């Protein structure tokens, strides 16, 4: 074989070169995305930040659970205050304010089905580092925010101690390296109980200094943090590679937050509501450890590297936001950005309006270009077909003119069958893939819905391999009983054309979403449609130029039998193995330039063509593959990895498994579809390997146990104590656990001694949709204790909850309430909705702007004090009407969050929750407990005014 023919064999459009190139492209994309998705190493130059000191601070701040309603919270606050005080004492341009004066009241119905209001007394730690430009000392500043409280069931290393120690480092950095603009630090308290500290900050005068913010959060347990949300485009440029060496961000995460797919709230929403522009930077992976004992230094993912990832991103973005005027949005400008990172090295940013305009251009101009090229290619090939027929008829012998009627009928049937199956098989592959993916989803939901919790990549592998198998097998199936299959080049062009139509349809839906509900996460569809259009243009140009591969060294075709080669859309008999190459020794007439295969004339034997001559022009198919496949696969796989990391463990939060598995299947299908035009040459060995991987991954994930100690099942604890009328006696204690019904009753409750032999009542959870709550009454031995000084000087026991009620008018009342050794009490109203309320100490300040009482009124008022055991005095008013003379009924309660194994100094506060200690002790190793609400237990009693 000549060198030319050897090169043609290697580079021609046949099975081996196509398969090798596809495998190399997908392997390169998958490996690069996965490798760059890991935490980067800590550099030698930490840019003026002291990672070792931050690591030491982290051990102090997250030594134990320290919720707002705990004495450990005061110790953490004192440590942070002392550390920052040491810095401020050295620099006159650094000011610290212990904010013990900012109180806030607001109403909200966003996070609960029951409309409620909050009164909160803050104790935030505020720091101001004055900038060098006097124009930005009182306005135009930059706010950095993190919260130092944790939940009651977690030390809070990720949520949010890493954010706090990062801000402590940034205070010292800006003290030594003054920025152009004034920088405000809000190290706030009470975030876990409803974003309370951010609300209190908005009451402070320093809140008016800043116009842009960066909020640091932790919605998981370590790993790689991401820039989750941004208000406008301007501050987003602080996250580009020029400022942040390893940017990690995607607009889809913001859309998941805004639409409740990820059930978390951060201070970002308070600042945004207050008119500031900014960003939300948060950890997001490992939600099974979030708000549990594993959110600790030993339990966090990544260790020092995770801490550095937050410090590095905060440092780079903060320098830009504090010094670059371009990062501050114009007042009133509300442009919405679309953004995503590529391999953790570059951040792509454009506006939602740009995406919409691009979509419209592609929707209108794209089809015009596509159809014009298709028509032009048709004319060119048709003219060549006419010339070829002229030469063929001039040199044909008499026997060729005497075709039998049966041969003509067979030719017509072959042409019709091929022309119908050509364009239809792509859509058949889509239908078959969708049906089998639906069956796979049903299998997961019915057999093992929580397996994605621990094995997300195996689930994605299962769905992706199934998508590959259905796509390849359907596209290569010869649906013609006469054994006629179009040549690979013809099939490639046909499938490429149908892929363009498919992406154009997707683009229509994407454009509607962009315009109607401002969804920017469909940017990958825009890119996919554009590259498929480019690939189609190249394919049609290839056809018009009749480009071909290397000519054989000797022309073996007889005179008069030569035809325009290059792209020959000939028919290949299925009973003759070709391996993607043309069948030697036969001339097949060129077809019409669509998917229609021409009538096949009686074939005349020719001398064999050299084996090295391949179908199509060498190099053109490679260019088309490089245009069509890599970019959409890169974009979609990036999205798949981030969504899996953020959502695979949200089923224990109550998310719907069908929706999650459907999302995985759609992403898997989209990862595979770009290779469809070239899959007709996929080698059988590759298909066999993919089949083996599919069977192995699917069978394993259908039978594997879904939880482990590294990825535990999270259950939610709460306890209620019904008090006697005096407030000191206990009438009954009820424990509640919330979790997935498949495991709660059969695996968890059976291990708890307090539930043995007790009637257990299980029902759908009211506050966590999709989960079940089981309750049972416990004995007095497991009754909790609020701690604190339980007796007055005369020896009389203090009531857990003391209160008084006074009807001051037909529709007004005054209520006082105090809880023993707690900062938190709640007023719950049963038969009246509250239209106004005021805490006496707060004066006539009123509710925060944008947080007014809803029209339907309030069912609940939550009261938070900065001091333990404070008495709240509240005036309430309800709408006057027919019920104005009726008694106002409801329930008053106070909450506690301290227990012996997590109490300061081994129990100095005296708080005890024996039922929680029992659950911690007897839970299986693959399960872990978290809090169900702010208070681990509440003591309550009814009232009537």
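Each residue's number is its place along the chain shown, starting with 1.
Glycine residues also receive a Cβ, built from the backbone N, Cα and C atoms like all the rest.
Just so you know, TrEMBL annotations never went through curation; they're auto-generated.
Lifted from TrEMBL, the feature list:
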type	residues	note
TRANSMEM	7-29	transmembrane segment
DOMAIN	124-297	domain 'Peptidase M28'
TRANSMEM	342-375	transmembrane segment
TRANSMEM	424-445	transmembrane segment
DOMAIN	426-562	domain 'Vacuolar membrane protease transmembrane'
TRANSMEM	457-479	transmembrane segment
TRANSMEM	500-517	transmembrane segment
TRANSMEM	523-541	transmembrane segment
TRANSMEM	618-640	transmembrane segment
DOMAIN	621-678	domain 'Vacuolar membrane protease transmembrane'
TRANSMEM	660-678	transmembrane segment
TRANSMEM	685-705	transmembrane segment
DOMAIN	713-938	domain 'Vacuolar membrane protease C-terminal'
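If you look at the transmembrane segment (342-375) against the transmembrane segment (660-678), you find fewer than three C-beta pairs under 8 angstroms, all six or more positions apart, and that falls short of contact. Long-range contacts of the transmembrane segment (660-678) within its own chain (CB-CB distance under 8 A, at least 6 residues past either end) are made by residues 18, 22, 26, 426, 429, 433-434, 437-438, 440-441, 444-445, 449, 452, 459-460, 463-464, 466-468, 471, 475, 492-493, 495-496, 499, 502, 524, 528, 535, 621, 624-625, 628-629, 632-633, 636-637, 639-640, 643-644, 647-648, 650-651. The average pLDDT the prediction assigns to the domain 'Peptidase M28' (124-297) is 94.
Sequence-distant contacts of the transmembrane segment (618-640) (same chain, at least 6 residues past either end, Cβ-Cβ under 8 Å): 7-8, 11-13, 18, 21-22, 25-26, 29-30, 33, 250, 252, 340-342, 460, 489, 492, 496, 499, 521, 523-524, 527-528, 531-532, 534-535, 538-539, 542, 547, 549-550, 664, 667-668, 670-671, 674-675, 677-678.
Only residues 6 or more beyond the boundaries of the transmembrane segment (685-705), in the same chain, are considered here, and those with a CB under 8 A from a CB of the stretch are 19, 23, 440, 443-444, 447-448, 451, 454-455, 458-459, 461-462, 465-466, 468-469, 472-473, 926. The DSSP breakdown of the domain 'Vacuolar membrane protease transmembrane' (426-562), given as helix, strand and coil counts, is 98 helix, 3 strand, 36 coil. In the domain 'Vacuolar membrane protease transmembrane' (621-678), the DSSP tally of helix, strand and coil residues is 51 helix, 0 strand, 7 coil.
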